[in-house]
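Colleague: Sharing a structure here in structure tokens format.
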Amino acid sequence: MPKRSDIKKIMVIGSGPIIIGQAAEFDYAGTQACLALKEEGYSVVLVNSNPATIMTDKEIADKVYIEPITLEFVTRILRKERPDALLPTLGGQTGLNMAMELSKAGILDELGVELLGTKLSAIDQAEDRDLFKQLMEELEQPIPESEIVNTVEEAVAFATEIGYPVIVRPAFTLGGTGGGMCANEEELREIAENGLKLSPVTQCLIERSIAGFKEIEYEVMRDAEDNALVVCNMENFDPVGIHTGDSIVFAPTQTLSDIENQMLRDASLKIIRALKIEGGCNVQLALDPHSFKYYVIEVNPRVSRSSALASKATGYPIAKLAAKIAVGLTLDEMINPVTGTTYAMFEPALDYVVAKIPRFPFDKFEHGERRLGTQMKATGEVMAIGRNIEESLLKACRSLEIGVYHNEMSELAEVTDDALVEKVVKAQDDRLFYISEAIRRGYTIEELSELTKIDIFFLDKLLHIFELEQELAAHVGDVDVLKEAKRNGFSDRKIADLWNQTANQVRATRLENNIVPVYKMVDTCAAEFESSTPYFYSTYEWENESIKSDKESVIVLGSGPIRIGQGVEFDYATVHSVKAIQAAGYEAIIMNSNPETVSTDFSVSDKLYFEPLTFEDVMNVIELEQPKGVVVQFGGQTAINLAEPLSKAGVKILGTQVADLDRAEDRDLFEQALKDLDIPQPPGQTATNEEEAVEAARKIGFPVLVRPSYVLGGRAMEIVENEDDLRSYMRTAVKASPDHPVLVDSYIIGRECEVDAISDGKDVLIPGIMEHIERAGVHSGDSMAVYPPQTLSKKIQETIADYTKRLAIGLNCIGMMNIQFVIKDETVYVIEVNPRASRTVPFLSKVTDIPMAQVATNLILGKSLAEQGYKDGLYPESNHVHVKAPVFSFTKLAQVDSLLGPEMKSTGEVMGTDVTLEKALYKAFEASYLHLPTFGNVIFTIHDDTKEEALDLARRFDAIGYGIYATEGTAKFLNEHGVHATLVNKLGENDDNDIPALVRTGKAQAIINTVGNKRTYDEDGAAIRSSAIEAGIPLFTALDTADAMVRVLESRSFTTEAI
């Protein structure tokens, strides 16, 4: 069926900010879809609130709106643009829920907009637990016994009837939000109450637990002519009971017999046909390991995290083809762009094994609840490809960047047997390492399979890895054993440990004996047909399929898995850098390990190596490709950390040189550079042990900001008030960086701002200054940023521009750099310099219209700013106001305190743009799901340090007609100063009148809660904050953010005055 000619303009809804459960995979899907629709000649309108995406670049769609994805704003855009159709299936749960809302509000009918891809009835059938159950019964597909409930009592009654354990699944939520496994009534009451609250339709499904079954996923495609195929099947290493986004996953399935595979494949195809889905769909099934019994767990009628993984695992571009199916093309008339010869109807076949391991944020959240269950907690993931399970698993382990280079964590050697068994049984994010440790201690794989319900086949592979370790230790220097270990994915570093050598010695032995990897192509057809994709993985075999081209090449290092502090912003910069390298006439080669992102789409670069970002793996590619040089500026700290070892090995680092990178990162050198350039900085010192730190702090004076050098996202950073706190910090946190000392700085409370600059060594272009709304003390990644600055005088802006230029030239920066300033009493201090692209690059590129990463890449390749048409100095300001606001994923992370400080906690960002600051702020708050009605009540619970300041806020809330509740000390203070505040208890003293009760009953619309600089962990405060997070009401832990919210409310409210 040819494509439809009755529709001309199509609107695509993006997935908004990155949160746990909905990450960069939707930028990849959305980008592919928009380009595919444009390729077919349609006019594309895109709405997405997240500026850090490639998808929101001007050239991806014909019109791009970076606006909140809310009914109010999307309706406005629909009325203005009048598209013929809407494609919501590429925007994750956000896109689907938005389509449902638009339909229910009658907007789609009013404007005659047709839904493409998946009909509303199918979305409803897949998402609404009751309808899904009915459909499965009609198709005679088995599902676990279950009951839909709307109250906690109904849940308890059903669970009593079928017996525990049971699983709670809220309707229409994302990544298992609010759900969980309950072993008894007490757990059920707690989880069901929370789940009903979080479900937009107050509905949960209570179902019999089938934990322990194998979890299998099928990624399926169907078109309007009812052609359907399985793109990829995948098997979870972890059994049912752990969210698939938090599971280690292998593709293709490893332990199924042919009969089982056919049975589940037939079920998946039957379901997608019954739902009449046009496009991609993901079916999750549970298989009883002891019989042919299976259950259908759930169906996602949209492109998902698993589809991104399936696309990268097979090379089959699901989102691109799904978009084309949505406009009427069929699978048997589209060519598979990978082979260029076979049709899209042809099911991919794999002659390799893919392993995916999730990346968790617990390195940032020490207090977080690490137990895994049906609610997702991972922020990102890595993927690795090998010729066997051992190889792909070990490559994935060293891609994680959690300080391991094998399936082993050295600190687990200290764990007692009892603690070890508990961690093996009760899965946490690091269970793989505990199981591997148990095998090293002699636990049998039969025992472990019994304890974990993980298939013995996988445990046998871990046993094989251990046997190879013993083999290596027994045969030091043996070349045959070395070959065998390399074929099974061992890193040089691990072999070096076992041989008591250095990794470089092992590497030398390898090279002498010509034990080097070959690179195999990912071609979707197991080498059956000719294929031309430049997409490779390494393995230790014979035939190399990656041929070095005659063109001079440049390698760009990506940023690895998405984690807090290093998000999709760096992928954005990587992709732009590649575009510039290609435009300059070089061959652009990307190395990266993240399956979710645009940079690992093989059509982006000339060659893609899907490999871990470690010195060994990068060096192997460099030795084959012999590039002109390597670009490390755009891959975040991951790539910067590789600059020194690569440079020592004789690799040319393009852009700012390693010695200069060091001057920005090494404290003493940096202080000296600032002194030489005559630029003020907060007084500080370095310390290598506890006594030195205390000595330094006495000299500088408390409060001080302490942190290790060389970290990203403010890891292990704290503001300390006194000597005791400092001593405890030195004892607990300093492990963060043993070779690098700890920095002790005077903590200056002032206005903070930051600058991204691009320098060619002579001229320095400053696209703009971003002013932070929160004062110093809140990590820049968690602050709201405003461009252009609203409160900085011309003189201060000139000073900032002058210091920026001095620093860029003084540090011999070629390419990009990011500088953070704090301003107190009209003095501008430099807090830190990052000699690389930072997380604000996409935002600033969008608001100034300067493709910053491309400009910087051209400089790195030798083309000056003047040659590119840019002048030295501060770029003229935009006439709109733009606000970048952080978005957090606290609802997914139990026991993580939502108090903001110098350690970064946000997972994503949104942008609000308008003609005034108030309007831009309103949009930013709406886009980040912080909705405040124009009247209501606000709760104040304020630390003594900030009461004076909170008084002004309370007066303003009072003036616009808000009711004020306050805890004891705060209420007394406010009432004494003429603001009427109603007393409320902190916690539990009287249950009807404590803060959680007010929040529960909907009497409070926001909470403002500050703590002093002392920031010790306070349980009451944490409980108050989490009650706001659970209820989804705005929580402000910085008065500056609350002040911004009041400005918005003031601009939208009316005054009532007597005449």
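Heads up, the Cβ atoms here are built off N, Cα and C, so glycines get one too.
Summarising the annotation, Swiss-Prot assigns Mn(2+) 2 binding site to E298, N300. Summarising the annotation, Swiss-Prot assigns Mg(2+) 4 binding site to E832, N834 and lists sequence analysis as the type of evidence. What Swiss-Prot lists as domain 'ATP-grasp 1' is 133-327, and the listing cites sequence analysis. The feature domain 'ATP-grasp 2' is assigned by Swiss-Prot to 671-861, with sequence analysis given as support. Positions annotated as domain 'MGS-like' by Swiss-Prot, on the basis of sequence analysis: 930-1059. Residues or ranges marked as region 'Oligomerization domain' by Swiss-Prot on the basis of sequence analysis: 402-546.
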Colleague: Hey, how far is E832 (Mg(2+) 4 binding site) from N300 (Mn(2+) 2 binding site), Cα to Cα, in Å?
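Modeller: The Cα atom of E832 (Mg(2+) 4 binding site) is 44 Å away from the Cα atom of N300 (Mn(2+) 2 binding site).
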Colleague: Given a separation of at least six residues and a C-beta threshold under 8 Å, show me what packs close to E298 (Mn(2+) 2 binding site) in the same chain.
Modeller: A126, F132, V283, Q284
Colleague: Counting across all protein chains shown, how many other Cβ atoms sit within 10 Å of the Cβ of N300 (Mn(2+) 2 binding site)?
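Modeller: Taking all protein chains shown, N300 (Mn(2+) 2 binding site) has 23 Cβ neighbours within 10 Å.
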Colleague: Can you tell me how far the Cα of N834 (Mg(2+) 4 binding site) sits from the Cα of N300 (Mn(2+) 2 binding site), in Å?
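Modeller: Cα-Cα, rounded: 41 Å.
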Colleague: Would you report the average pLDDT that the model assigns to the domain 'ATP-grasp 2' (671-861)?
Modeller: 89
Colleague: Would you list the DSSP helix, strand and coil counts for the residues of the domain 'MGS-like' (930-1059)?
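Modeller: Per DSSP, the residues of the domain 'MGS-like' (930-1059) fall into 61 helix, 19 strand, 50 coil.
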Colleague: Using other CB atoms within 10 angstroms as the count, which residue among the binding-site residues E832, N834 scores least?
Modeller: E832
